[in-house]
Amino acid sequence: MLRLMRQKKLSIQRRTKTTVSSTTTGGKSKEVQVEVRKKRTVKTDIAQQEEAKLKAQQEAEAKKIAEQKAIEEKARLEAEKVAAKKEADEKVKAETAKPVKSAVDSKVKSVDPEKEKRKAEEAELRRKAEELARQKAEEQARRAAEEAKRYAEADDSDNESSSEDYSDYNLSSRYALEAEDEEDRRNENRGRGKNKVAKAKKGGRDDENSKNSKNERESNRKNQKDAKFGKGKNGKKGAALQQAFTKPAQVVKSDVVIGETITVAELANKMAVKATEIIKMMMKMGEMVTINQVIDQETAQLVAEELGHKVILRNENELEEAVLGDRDVNAEKVTRAPVVTIMGHVDHGKTSLLDYIRKAKVAAGEAGGITQHIGAYHVEMDDGKMITFLDTPGHAAFTSMRARGAKATDIVVLVVAADDGVMPQTIEAIQHAKAAGAPLVVAVNKIDKPEANLDRVEQELLQHDVISEKFGGDVQFVPVSAKKGTGVDDLLDAILLQSEVLELTAVKDGMASGVVIESYLDKGRGPVATILVQSGTLRKGDIVLCGFEYGRVRAMRDENGKEVDEAGPSIPVELLGLSGVPAAGDEATVVRDEKKAREVALYRQGKFREVKLARQQKAKLENMFSNMSEGDVAELNVIVKADVQGSVEAIVQALNELSTNEVKVKVVGSGVGGITETDATLATASNAIIVGFNVRADATARRVIEAENIDLRYYSIIYELLNEIKAAMSGMLEPEFKQEIIGLAEVRDVFRHPKFGAIAGCMVTEGVVKRNNPIRVLRDNVVIFEGELESLRRFKDDVSEVRNGMECGIGVKNYNDVKVGDQIEVFEVVEVKRSI
């Protein structure tokens with residue numbers, strides 16, 4: 001019971017002692033000690049009990065509702081499950097009874113198939129409906145459970161808020177009690193105010209002294225603490241806390257790791273110097289750089305060593321070397337077929353000769369007699385020997401393509417027309433062959449023509465160090481006629497003889513490697529690359545790393561478009577399955593791991609971007625001062641799209657060579673494949689013309705081109721393209737002005753006029769003198785004044801022009817020193833059209 005009382009009540013007891021002054025009967029003052037006792041009992045637990053009771057009641061109600069709902073839902077689900085089971089049992093019974101019934105019915109009558117089908121459909125529909133109903137019931141049950149849960153949570157939150165209210169009430173009541181106590185205390189002390197003041201006065205000095213001594217103690221303690229930690233006026237820092245950094249007298253030398261490329265800022269960081277120091281150093285070395293400029297390894301090494309650091313060169317392409325090193329190429333070498341490149345001047349009969357050899361009419365399809373793409377074909381001889389031919393274009397613009405063809409080749413067949421002799425591209429072909437170190441075989445074509453002169457060809461080639469066997473050299477000269485087929489067999493024999501001398505061998509078994517002859521983007525097949533296999537055997541399914549691209553070989557086709565599963569050395573094939581269009585001339589290598597091949601390709605792309613950026617920045621810095629001094633140069637923006645990579649390169653190179661000091665051709669975009677909407681949008685943004693070489697614009701691109709009035713031009717022959725671009729550039733040239741003399745008048749007499757000053761009486765000796773044209777005054781055929789006419793009169797009339805043989809009066813504006821015998825020359829400024 002006592003515990004219960006303690007829980008319900010809280011008793012507060014307080015004793016207060018005070019002194020009361022009173023006067024006795026004798027008149028004397030007497031102080032009496034009085035003790036006041038107070039007791040207060042506070043009920044504390046009633047509100048908490050009520051709160052707990054209410055909370056328990058609400059929780060019980062919420063729990064009861066949730067349980068009731070769950071029981072109802074469970075009962076309903078059980079009922080549905082029983083019904084579904086019953087229906088399934090009935091269905092099974094019906095299905096088991098069906099064969100018996102059908103057997104009985106078959107004796108009486110034949111089964112109606114339509115009826116059976118309908119019944120099956122009805123059963124299927126019924127099953128679906130039951131499934132749907134079951135899903136719906138489950139969904140409703142889930143929702144009901146969530147709703148009950150939500151109600152329960154809401155009740156809990158309400159209970160919490162009510163309990164907070166109660167706690168606030170208790171807190172506030174406690175504060176009220178404390179306030180009451182404070183008030184009582186003040187009332188009790190009010191009667192002692194006088195004595196208290198007296199005591200304060202009496203002990204005021206002592207209190208003040210104690211306060212001062214306390215302040216002194218605190219300040220002393222603080223000073224001691226400050227002195228300990230090195231603070232305050234007289235504080236000296238401890239040895240452990242003193243900063244002992246002194247600037248080093250010389251730069252700290254360290255090892256600097258430099259990759260293949262590095263920015264100036266990164267190099268400065270690695271050497272722990274300011275970037276300005278490096279920029280100054282490079283300016284002394286004659287190089288202008290910015291803080292973010294990429295510099296190559298050699299330059300960075302030179303700068304670091306100049307500043308006294310030790311350089312460690314890092315090889316960044318370790319992964320590439322590891323991937324390319326992990327290849328099975330140790331097989332035995334066997335004799336391979338020679339790769340022959342046919343070179344020569346335009347229309348000297350290269351493609352016709354190759355066509356005769358292949359016995360297939362491909363030359364007729366070449367536009368304007370120029371081979372547009374590198375064609376790669378292999379032919380088999382009667383004795384089983386094989387020769388692979390590369391046909392390179394002859395036009396000067398395709399120099400890069402021809403150089404690429406020479407890199408992949410073993411023997412160069414130089415075709416020279418017997419009636420035409422050595423031409424510019426013939427000389428270029430000789431230079432390419434020499435640069436590639438490939439031996440020459442000269443095919444003197446068109447010997448069936450009456451004006452053919454074999455000796456003349458030999459003499460002209462002699463001037464370019466191509467010495468025939470007749471003159472004691474080692475170059476075979478074979479006279480042929482591509483039209484009639486004369487001497488073609490002799491040419492093939494000469495090629496095979498030359499290949500035997502070279503002793504050409506390659507690994508046949510093992511992982512393949514080769515070179516990209518041509519590449520383009522096919523709309524249906526994706527990136528297509530023509531690859532000449534140089535060693536190993538390329539098989540379907542191999543993983544190929546090719547320049548910046550990689551991929552698995554999905555399909556291979558030979559030059560006739562026939563599917564092949566493998567290709568050995570010296571065999572050209574079209575390959576599908578690369579991630580993008582590789583650049584012509586890229587090396588194609590078969591590797592083991594596709595993931596590593598992808599990493600190498602991405603690394604190469606990043607490296608190429610860095611090098612390109614470095615080149616651009618260098619060009620910008622080099623051209624900075626020249627651009628500042630020059631005026632604005634007219635720019636002709638061009639977007640080039642072609643069917644193959646080789647053509648794109650050749651056209652871009654030719655267009656860049658057309659640029660002059662006044663008009664610059666800027667290729668803002670180029671690529672392989674048809675003209676797309678992106679190209680049209682770029683042309684709009686950069687105010688460019690679009691050039692399509694053997695490609696066309698798609699429907700969306702045409703709509704943009706028509707809407708924006710973009711200049712779109714299609715070509716199939718490179719001569720026409722270059723001529724039209726020249727014409728467009730000519731239109732952008734600053735016009736040239738020329739002065740043309742239209743009349744000459746001789747001064748016969750001079751009159752004075754009060755208004756016009758000196759008036760020259762003249763005879764027109766040549767042409768026409770016009771009133772509004774500029775004039776020159778000549779004395780002894782020397783120009784002494786240039787200006788304009790103020791008046792032109794014939795007798796008393798003002799006229800606009802005076803013709804040859806007539807007299808007139810001429811007043812020259814702002815010039816009065818006209819004398820007899822002077823000549824007045826009238827001219828006009830004519831604009832002359834310029835061309836490149």
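Yeah, the Cβs are placed from backbone N, Cα and C, and that goes for glycine too.
Record features, source Swiss-Prot:
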type	residues	note
REGION	1-43	region 'Disordered'
COMPBIAS	1-17	compositional bias 'Basic residues'
COMPBIAS	18-27	compositional bias 'Low complexity'
REGION	83-240	region 'Disordered'
COMPBIAS	83-153	compositional bias 'Basic and acidic residues'
COMPBIAS	154-167	compositional bias 'Acidic residues'
COMPBIAS	192-202	compositional bias 'Basic residues'
COMPBIAS	203-229	compositional bias 'Basic and acidic residues'
DOMAIN	335-505	domain 'tr-type G'
REGION	344-351	region 'G1'
BINDING	344-351, 391-395, 445-448	GTP binding site
REGION	369-373	region 'G2'
REGION	391-394	region 'G3'
REGION	445-448	region 'G4'
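In the three-state DSSP scheme, G344 (GTP binding site) falls into the strand class. DSSP assigns I447 (GTP binding site) to coil in the three-state reduction, outside any helix or strand. Note on the region 'G4' (445-448): mean pLDDT across this stretch is 84. Summary for the binding-site residues D347, K350: the Cβ-based neighbour count within 10 Å is maximal at K350. Under the three-state DSSP scheme, K350 (GTP binding site) falls in the helix class.
Of the binding-site residues G344, I447, G344 has the largest number of other Cβ atoms within 10 Å of its own Cβ.
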